[in-house]
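Take a look at the structure below.
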Amino acid sequence: MERVNDASCGPSGCYTYQVSRHSTEMLHNLNQQRKNGGRFCDVLLRVGDESFPAHRAVLAACSEYFESVFSAQLGDGGAADGGPADVGGATAAPGGGAGGSRELEMHTISSKVFGDILDFAYTSRIVVRLESFPELMTAAKFLLMRSVIEICQEVIKQSNVQILVPPARADIMLFRPPGTSDLGFPLDMTNGAALAANSNGIAGSMQPEEEAARAAGAAIAGQASLPVLPGVDRLPMVAGPLSPQLLTSPFPSVASSAPPLTGKRGRGRPRKANLLDSMFGSPGGLREAGILPCGLCGKVFTDANRLRQHEAQHGVTSLQLGYIDLPPPRLGENGLPISEDPDGPRKRSRTRKQVACEICGKIFRDVYHLNRHKLSHSGEKPYSCPVCGLRFKRKDRMSYHVRSHDGSVGKPYICQSCGKGFSRPDHLNGHIKQVHTSERPHKCQTCNASFATRDRLRSHLACHEDKVPCQVCGKYLRAAYMADHLKKHSEGPSNFCSICNRGFSSASYLKVHVKTHHGVPLPQVSRHQEPILNGGAAFHCARTYGNKEGQKCSHQDPIESSDSYGDLSDASDLKTPEKQSANGSFSCDMAVPKNKMESDGEKKYPCPECGSFFRSKSYLNKHIQKVHVRALGGPLGDLGPALGSPFSPQQNMSLLESFGFQIVQSAFASSLVDPEVDQQPMGPEGK
């Protein structure tokens, strides 16, 4: 149970709560009523020798077919007075069920398959058996249970076993009145509509007006047809699976006497194919009529291009299955294939040609995204910033970066929760999902970890991959990082230090190297000398990285240099192990590029004691506290260095003024560094 915000409550002070398991518990209770003698069930479904009590509301909610049947019964006069009703192929009889409920008798479907479908309606779980899969798929299409249809399609995609299409027997009506003889030809089950011939087996193409009239009077018509659901404005071609029996017509006389598919066509509307010509005839007649069934699922197409696109979703072609030979596409005057689908001019296909990467096999919807993806394999960065020269793989990234130089990149998108600004709305949405929302819809199938965005989940999945060794250096890495690692071996270093000309594989390593080895200030100078900018020879200090036995450069003064400057770099926390050159000697070059001088010139905070410059005021305060305050005693006298306080001298003075000298002295007396200070009595001058 959780509380939700409801804007309809207003300021009246009402509360809204939502119980997420309420719907599950209701279906569970209804299922228990159905199994316990059919309590409160109002319909009895007879399948063969078995009977299944059920609730009309549940059946109508999960099946559009049952909704149409029950709606027709409510509108029928015979259903109102308790008499028998024949609604579009489903026989409803009074009595005989639990609580005097009506009965529906079903044919040509096994009780096991219908029991699985009925259990799915109450439990949302279904058992798919490969031996009865064609019958299950046919029944799901007829009942218009979209969830079961999607499950069947998913089974076809994931199963490595070739599943046979349903035979012609399964295509006949599943629900029909008792006593009605089986028809000798298959019906169209698409959208719950069935095209049936009369008792003599004669059927022809109907005009749209006749189709609408038949759909309106399907419930009261004398023909043995299924109810036509509202909203079906046309009866399509045979969309159900075709069996081998269709290849030979059971009515040769009718097939031979059928009129040919030739005639005058209107200027704007394509010709309408004859139904008998499409359903009956020899294999050659089917191809000439444009009937092209799919070899896996049995779906029928009238255009070879549509069939090829459909078979691409299965991963096979009709030629590989040996089901039917596809005719070559007809070409027009402009050289393009002509679509023979009656719906072609009115409804365009949404199927796009997908392209795959030759290196990694990733599939993209068009060539543009494929070419952009190939840049990740080549490492090419064709777009460079005209200001700083930084290169990018994509032009939009480069354009966005250029705006950062002139300050035009603002942050107009403000988070209403924390006030943080963002330059792009997608960045704001990602921030809200990640920080201010507890919902984590994307879950990992391995460790059950949940994430707010799909990108975070994709990055997390890399941790579950097994590490593989590099073929060059033998280093073990995950497959997601192996491509970037191999670039280091194939391309070599691409970022070189402008001072020592050392190469690095990435710009981040180069920045660490410059800060660590070349970002050290000069030795201390006297107050009377003019301050020297920290850039002439920034790395000439008392550090001994890279040289043997603590040796220094020959032009450095060993006397005036101070060891206290070894840790006073602007990046004092960045330390690297000792580096040696190839021949073991420490080389030094006094030539410093101009850009290095300009970057060091940005140090605009000079030390008033020694004249050294620093990039930030915090580095200057650290320098004064570590060097000048400790060396000269500072404003606190002998107590300043003894306290070892982490505060600045100004903060220490404020503490002394606030709490009094006696309190501070007694609090820090035990932490004095000099043991002689502990033994000396505090004189009056100390107070």
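From the backbone N, Cα and C atoms, a Cβ is placed for every residue, glycine too.
The model shown is predicted, which means the values in this text are computed figures rather than measured ones.
According to Swiss-Prot, of the candidate residues S282, S645, the site noted as phosphoserine is S282.
Cross-referencing 101-124, 317-340, 605-628 with Swiss-Prot places the feature zinc finger at 605-628. Looking at the stretches 5-27, 74-96, 166-188, 442-464, the one that Swiss-Prot records under the feature zinc finger is 442-464. Per Swiss-Prot, the SUMO2 cross-link annotation among the candidates K272, K393, K487 falls on K272.
Note on Swiss-Prot: of 383-405, 521-543, the range annotated with the feature zinc finger is 383-405. In sequence order, S132 are the residues near K112 (SUMO2 cross-link), counting only same-chain partners six or more apart with C-beta under 8 A.
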